[in-house]
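Student: Okay, here's the structure, questions in a sec.
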């Protein structure tokens, strides 16, 4: 039995090596970007949800640079962030250009910290992304809090203990945008607004549409009437009103989550909406508020987490990323170069929403400024 397992492992390693050398040949020595590395990640039992998100984040350059900079700081106690920094550093400092790395330390820490991921079942990539970004932000804020209490900040100042609002971290600098919820009373025309921060936007999907259309739908005007009337402070009573959500501040990296999993009452479970949703290589949002800080911001698609299968707890996740001027597909330990036109294969299906499909699930757009 042990001999068979050894032979199996050797065969797997040989296959990985063949894939790696084929990738190098396909890119070519002259075209291969300087100081860039393309490494697949070993799957530790349904950890493709994690691998795909990590690959997408690695190719969000501002995020990668901050994680690598964190690695160079004085050694901190082990956390999910130190494990991520070790993994990114390991990829970035490899002698080889292509290959495979086991993210074992990161996966072990993830399973230790959150029981949701402490099993060998398929998990939701969006839930993992959300957990990872919020956990990193919490770690950074706690470290800054400790520095304040010790009276030593990076700028050498001693900060006030009275400031109860956590400082924004580089996670917020990269991913955080602001929505403004505008409500207009239909009686007195008074407009009230409330701001809400986000690290990613979840948008509803429809058949044969585009991400631009989905984002417009995100800002559709909703009428509040009947039992859902709005309490107007000016009128001092409940009134009919119009409510809509607009983007007040666009983030450096816009993470868009397509809500492809819907609970079906008749099935008593979630099923996948494999709708065809076109996502362009370039994007500009038109649902910004009148006082938006950067309404004309242009974005380029840099990564997509793709769900393959028919449901949230079944199937597989892969990532497609843009590196310099070409696209790569990361499928756990396999890395392949693909044509830009091949991205159209991940838009979804034009019919039979419950059929297995490879469809874009999380989109990462990076701003040009």
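Using N, Cα and C of the backbone, Cβ positions are placed for all residues, glycine too.
Okay, these came from Swiss-Prot:
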- 39-368: domain 'USP' (DOMAIN)
- 145-165: region 'Disordered' (REGION)
- 185, 188, 232, 235: Zn(2+) binding site (BINDING)
- 316: active site, proton acceptor (ACT_SITE)
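I would like each feature placed in context: is it buried or exposed, what are its neighbours, and how far apart are things?
Tutor: In the three-state DSSP scheme, residue 235 (Zn(2+) binding site) is classed as coil.
Sequence-distant contacts (6 or more apart, same chain, Cβ under 8 Å) of residue 316 (active site, proton acceptor) comprise 48, 122, 307, 308, 309.
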Student: Need the DSSP three-state call for residue 188 (Zn(2+) binding site) to compare against my parser.
Tutor: coil
Student: Could you say which of the binding-site residues 188, 232, 235 has its Cβ with the most other Cβ atoms inside 10 Å?
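Tutor: Checking each of 188, 232, 235, the winner is 232.
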Student: Using the Cβ centroid of 185, 188, 232, 235 as the reference point for the Zn(2+) site, which residues of the same chain not in that list have Cβ within 8 Å?
Tutor: 186, 187, 189, 190, 233, 234, 237, 239, 241
Student: Check each residue in the chain of residue 185 (Zn(2+) binding site) that is at least six apart in sequence and keep those whose C-beta is under 8 Å from its C-beta; list them in sequence order.
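Tutor: Result: 191, 192, 230, 232, 234, 235, 239, 241.
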Student: Looking only at the domain 'USP' (39-368), what is the mean pLDDT?
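Tutor: The answer is 91, the mean pLDDT of the model over that range.
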